[in-house]
Amino acid sequence: MTDLYRLLPEEMEKLVIDMGYDRYRADQILLPLYYKFPKDINDIPQLPKKLREEFTEAGYTIGSAKEIHRVVSDDGDTTKLLLELSDGSSVETVLMQYEPTKIGGHPRSTICVSTQIGCAMGCVFCATGQMGFETNLKAEHIVSQVIHFAELLEQRGEHVTNLVFMGMGEPMANYDEMIRAVKILTHDRGFGLGQRHITISTIGITSGIEKLAEENLQIGLAISLHAPNNELRKKLVPTAGPNSVEDIIKSGRDYFKKTGRRVTFEYALMEGVNDSPEIAHELARLLRGNGSHVNIIPINPTAGDFKRPSEKNVLEFEQILRKSGVNCTVRVEKGTEISAACGQLRTDIVG
């Protein structure tokens, strides 16, 4: 069985030609596939019946995701779904909606997709990391998460504007499937999302960052740093591997030089762990002057023992970075009360 959401447009075109049909038949499949959301090949009536039958006989399917559970935040801006994928596995995906800023802009509908079920990185403050690793997701299963939310938004006259690979799992540990999904979702004959509207987050797998830099894509990169030195980082990310903090920062700089895209360093701020003024100054010395940006994330509640810093400590940490010449922001919180925020995803049904 082959899921049509796995195929790049050029692969779809080759398929129909090899089956003896004109190349335009590929677009007759691709257009409804990404904009009409069919559940079966027979839901595409503009295709000849014979072609639909041949697709079915050859084992081609449309693997849409099935919603198992939905939780919506009190303000209605965040929706978390537990989805059953076409292979029977389950994964969490989140939609975050943002109003236009006071200085302009447009409403944003950002989907946070998962690339794995569980995660092997073992970050001690992350609910997904505490699940352990189960399996990698195929490209079609990553794409189907986006398609499911795209269909929900379309019913409200809205559309997907942004995509972040910040859900369950480490994208760089599933590189080939992740990048195939990116290419499908950004292809002008596929889902058609602009490359600059996508951000991939990584714990700092430098080999993956180097490969991504060579893809000639204009996508954003976010690196989860969480500590300015190797000793502290090893405690927070026990499976960080051979990549030192210095290696990770260098890979971010190299990515910026290669792509021209600013790199964001994610920093989960934890009371009494990595939020002291001394650590803020240490972080500033590492990052100042390299064009990077720090996204400060006051830790979200999980089953662990880590506590969220006081607003005073968060502000002080931010001010130290700013006064040292490091661009930074404190992340706008979305979905914390429904366990849909950073570091909270797992496949339990709660609420």
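Cβ coordinates are placed from backbone N, Cα and C, and glycine is handled just like the others.
Residues annotated as active site, proton acceptor in Swiss-Prot, with sequence analysis given as evidence: Glu92. Annotated domain 'Radical SAM core' per Swiss-Prot: 105-337, in sequence order. Taken from Swiss-Prot, the feature disulfide bond applies to Cys112-Cys342, supported by sequence analysis. Annotation comment: Swiss-Prot describes Cys119, Cys123, Cys126 as [4Fe-4S] cluster binding site, evidence class sequence analysis. For Gly169, Glu170, Ser201, Ser224, Leu225, His226, Asn300, the entry in Swiss-Prot reads S-adenosyl-L-methionine binding site, with the evidence type sequence analysis. The active site, S-methylcysteine intermediate annotation in Swiss-Prot covers Cys342.
Overlay of Swiss-Prot annotations on the structure.
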| residue | record | Cβ contacts under 8 Å, 6 or more apart |
| --- | --- | --- |
| Cys119 | [4Fe-4S] cluster binding site | Cys126, Thr128, Gly129, Met131, Gly132, Phe133, Met168, Gly169, Glu170 |
| Ser201 | S-adenosyl-L-methionine binding site | Val164, Phe165, Met166, Pro171, Leu221, Ala222, Ile223, Ser224, Glu266 |
| His226 | S-adenosyl-L-methionine binding site | Cys123, Arg233, Leu236, Val237, Glu266, Tyr267, Ala268, Asn274 |
Extent of the S-adenosyl-L-methionine binding site in Å [max Cα distance among Gly169, Glu170, Ser201, Ser224, Leu225, His226, Asn300]
19
Would you kindly give the Cα-Cα distance separating Glu92 (active site, proton acceptor) and Leu225 (S-adenosyl-L-methionine binding site), rounded to the nearest Å?
23
Comparing local Cβ density (other Cβ atoms within 10 Å) for the binding-site residues Ser224, Asn300 points to Ser224
Work out how many Å separate Glu92 (active site, proton acceptor) and Asn300 (S-adenosyl-L-methionine binding site) at their Cα atoms, rounded off.
17
To the nearest whole angstrom, what is the C-alpha distance linking Asn300 (S-adenosyl-L-methionine binding site) and Cys112 (disulfide bond)?
16
Using Cβ-Cβ distances, find the residues under 8 Å from Cys112 (disulfide bond) that belong to the same chain and are at least 6 apart in sequence, listing them in sequence order.
Thr93, Val94, Leu95, Met96, Val164, Met166, Gly167
Around the Cβ of Leu225 (S-adenosyl-L-methionine binding site), other Cβ atoms found within 10 Å total 27
